[in-house]
Amino acid sequence: MNYSSKLSAMARRHVRASLFFLLILSLTSFGVIVPVFAPLPSLHSSSHHLSRHHHARSKFNKVNTRKFEIDDDMFWKDGKPFQIIGGDLHYFRVLPEYWEDRLLRAKALGLNTIQTYIPWNLHEPKPGNFTFTGIADIVSFLQLCKKLDFLVLLRAGPYICAEWDLGGFPAWLLTKNPVPRLRSSDPGYLQWVERWWWIILPKIAPLLYNNGGPIIMVQIENEFGSYGDDQAYLHHLVTLARGYLGDEVILYTTDGGTRETLEKGTIRGDAVFSAVDFSTGERPWPIFNLQKKFNAPGKSPPLSAEFYTGWLTHWGENIATTDADSTAAALSEILAGKGSAVLYMAHGGTNFGFYNGANTGGDVLDYKPDLTSYDYDAPIKESGDIDNAKYKAIRRVIQHYSGALLPSVPSNIEKIGYGPIHLQKSAFLFDMIHMIDPLDVATSEEPLPMESVDQSFGFLLYATEYAAKDNGDGHILFIPEIHDRAQVFFSCSSKNNGARPTPAGIIERWSNRRLNLPNTRCDANTLYILVENMGRINYGRYLFDRKGILSSVYLDDRILYGWKMFSIPFNNLNEIPRFNSFSRIAHSVLHKTIARRELEVKSGFTFDP
């Protein structure tokens with residue numbers, strides 16, 4: 001279909017806040033199922049906007065003779081052999097208030113290095129609008145790592161996978177024309193990467209190890225060999241990174257431990273160090289020997305950049321777990337041979353807001369969204385608890401091979417019981433829709449994807465009119481392509497319930513079906529389709545994953561036209577929504593009703609995906 005339909009008066013200023021809190025309550029009370037998600041702490045207390053000045057490559061005074069390098073198939077830190085015993089701990093999956101606590105628990109585990117990704121979409125939620133505060137304050141996180149005497153492996157992307165929405169890419173990339181080919185040497189894609197790295201890499205450069213910071217290595221892309229074979233793309237990223245970070249920092253790639261993935265995902269020679277990842281059930285040293293073939297002679301210290309301590313879980317699956325003893329034994333085999341390893345994950349944390357990713361099986365319909373929880377069965381649990389067999393087993397192994405006296409183990413975090421939470425029915429979803437300022441409603445002849453109405457996350461409500469049949473028979477509704485889950489309603493203005501919509505059923509991406517709509521015998525019928533974005537695919541060939549209704553909508557095999565789209569992103573539950581002038585009195589009454597919440601929110605965070 002043609003998505004270039006004209007949008008009438010789209011101001012793009014989404015209806016937010018109290019309205020959305022009302023919507024949550026009304027969706028719950030009306031039977032519309034809203035899956036549990038963890039609200040995202042505030043990101044926008046002082047966002048940065050793209051400026052016109054050019055970032056020159058900064059020069060920094062060297063601190064003493066700090067140097068981290070590779071030689072004789074070993075890592076060397078300030079002239080001494082160094083074994084990386086690290087773990088992934090992502091700043092964007094942990095509240096800033098808990099960063100130090102979780103890092104100290106990683107220190108007590110015996111780790112000397114922290115590895116983290118940089119999710120582009122967290123830092124640039126809108127084109128040119130950058131944020132580096134709160135949970136997005138990467139500089140403060142890296143400085144804290146240095147304070148606690150950690151080294152850092154930084155995975156700069158631009159693609160990160162990470163079971164994170166769209167693999168870390170901002171959803172607004174999906175709206176560009178011409179459509180950029182993600183993860184490729186396509187100039188239409190690289191121009192956005194260059195602009196992003198023009199912002200982020202100069203923030204990173206002062207924190208490199210040779211400049212006095214904790215960062216010893218910077219990763220380019222992520223497991224590219226499992227996706228494509230575009231050496232020009234990888235070389236372009238290396239050149240770009242060198243321009244900002246200089247020649248002393250080690251750049252690295254990470255790929256699966258097979259010849260095919262390494263051939264596609266690595267850069268031969270000594271410009272980039274090639275690391276590997278593999279499961280705990282695989283023998284490490286044959287893979288490390290293969291790794292040597294893709295590094296320059298003497299430049300291949302054995303490193304598993306992702307040593308899996310657990311695994312991800314999709315909605316509808318049993319929570320994934322791995323055996324503590326076998327995990328510890330596999331780690332022991334690496335460390336015994338003087339190899340290096342990074343636990344993936346040391347601490348998983350939480351996919352706050354709607355940032356969880358998704359996977360697919362054999363085709364795009366085999367859609368598997370990830371949980372809000374990213375516990376990963378890691379040794380440090382999502383809650384921070386460490387009184388478990390896996391933490392103890394891994395700690396014993398690290399203690400044995402490091403020979404260092406490890407810090408004492410902290411106690412589990414004290415839990416508080418908040419008691420029952422009672423929700424009151426305060427408003428009805430479809431009553432609120434009529435109060436929305438018309439400037440915040442998108443219109444188009446055919447349905448538009450979520451991204452095309454300037455929305456990245458949450459829900460999008462589609463509405464159109466249709467005529468009833470004369471013969472009294474029902475209707476057949478069919479939507480060929482919908483991402484991801486739609487709840488369908490219909491209404492009749494002559495009904496005694498005040499034209500409140502009636503639920504008709506659910507249409508899902510993974511089990512799409514035709515839906516029967518009863519004949520209302522009305523002159524004026526409205527069809528409502530509430531579409532939920534359950535998380536964009538973050539891995540594989542179906543990465544280009546737009547949300548909402550992506551096709552025409554058919555009623556009795558005829559296309560329905562004339563759509564209105566109401567954005568329900570749940571961006572910020574604390575801001576005042578924009579209502580039209582005729583609705584302000586009604587809003588005042590409803591807002592006072594909401595104020596009678598029984599659970600006081602004390603965190604002070606706004607919830608912004």
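A Cβ is built for glycine as well, from the same backbone N, Cα and C atoms used for every other residue.
Curation plays no part in TrEMBL annotations; they are all automatic predictions.
As written in TrEMBL, here are the features:
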type	residues	note
DOMAIN	75-400	domain 'Glycoside hydrolase 35 catalytic'
ACT_SITE	E223	active site, proton donor
ACT_SITE	E306	active site, nucleophile
DOMAIN	447-568	domain 'Beta-galactosidase 1-like first all-beta'
Composition by DSSP (helix, strand, coil) of residues within the domain 'Beta-galactosidase 1-like first all-beta' (447-568) | 7 helix, 54 strand, 61 coil
Close in space, distant in sequence - E306 (active site, nucleophile), Cβ under 8 Å, 6 or more apart = D88, T254, D277, V342, Y344
When a 10 Å sphere is centred on the Cβ of the residue listed as 'active site, proton donor', how many other Cβ atoms does it contain?
-> 20
